[in-house]
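Only one structure is covered here, and it is reproduced in the block below.
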Amino acid sequence: MARTEGDTWDLGSSVGATATSVAANRAFASRSTAGGPEPLLNDPYADLLVEAVGLPHFIRVARGEIDFDDDPLFGARQMLEQITVRTRHFDDFFAGAMAAGPPKIRQAVILASGLDTRAYRLPWPAGTVVYEIDQPTVIEFKTAVLADAGVAPTAERRTVGIDLREDWPAALRGAGFDPTRPTAWIAEGLLIYLPPDAQDRLLDHITALSAPGSRLATEHMDAKALTGEWARAMTERARRHGSDVNLSELFYSGPRTSATEHLRAQGWQTEVLSSNDAYQAQGFAPVADHLVAMIGDSGYLTARLD
């Protein structure tokens, strides 16, 4: 179903299903060594959450029961490498942000947190508060599943159940967020699901809430990746393997100001890590040529507000 203004979802539909898909991929990478001595990732809770959502396709992905090896677009190796690079990149961002300073950063915000498990699995410094923002039903589901399994956060976790199209800055402050203290923000896999004007507003809100020393990590999207071709190709791939998630209906394609340019105009110091450099930083070969042709210079954006 195509996106509409004010639409809602759960973890089995629309944008919510993409959160389940990402968690399934993390679970798959957490049980795959790809020929090495250790699993590619260590997310002990992704599988638990995917099983609780209960969608058969994503359960099979998480268990490694689907053969992606011969897919012409994105085989199992590329799939495992992509989720490994992405997850490690944002994990490393938080680790680096917490180690930086002065001033020390001791509050983190995960926007559109979905089935993100970082508040439960990263070794946060003492005194860190992690805020998770997402739709109320998504927040409630994850909280309940992990609590029922006896899993406790590794930092003080505060949840903010609100749609990012609503007044989430007020809700965040109401949960105890202190805009006078530096913050580490991540918007992982989020911007492509926002209309161009909503992306700009989100970045403006982040800027308004960020004290000097704050840091932000998100994706950098090349214009080539916003034409809709990438979404169509990934939708066709999903259907080949039994999923009915239609990314063509979920992405907002077309012209937009890049997050990098927008943040620079707001006074942030920005750095873009290309996909190839991100892969090589994690010990993988460069991205396949046919994928580069579709995603262009897309990669990872980090920013610092001095």
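The backbone N, Cα and C atoms fix where each Cβ goes, glycine too.
Because the structure is a prediction, the values reported are computed rather than measured.
Feature annotations, reproduced from Swiss-Prot:
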{"type": "BINDING", "residues": "D134, D163, L164", "note": "S-adenosyl-L-methionine binding site"}
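Taking the mean position of the Cβ atoms of D134, D163, L164 as the S-adenosyl-L-methionine site, the remaining same-chain residues with a Cβ inside 8 Å of that point are L111, A112, I133, Q135, I162, R165, E166, W168. A simple Cβ count within 10 Å picks out one of the binding-site residues D134, D163 as the most packed, and that one is D134.
Cβ neighbour count for L164 (S-adenosyl-L-methionine binding site): 19 (other Cβ atoms within 10 Å of its Cβ, all protein chains included).
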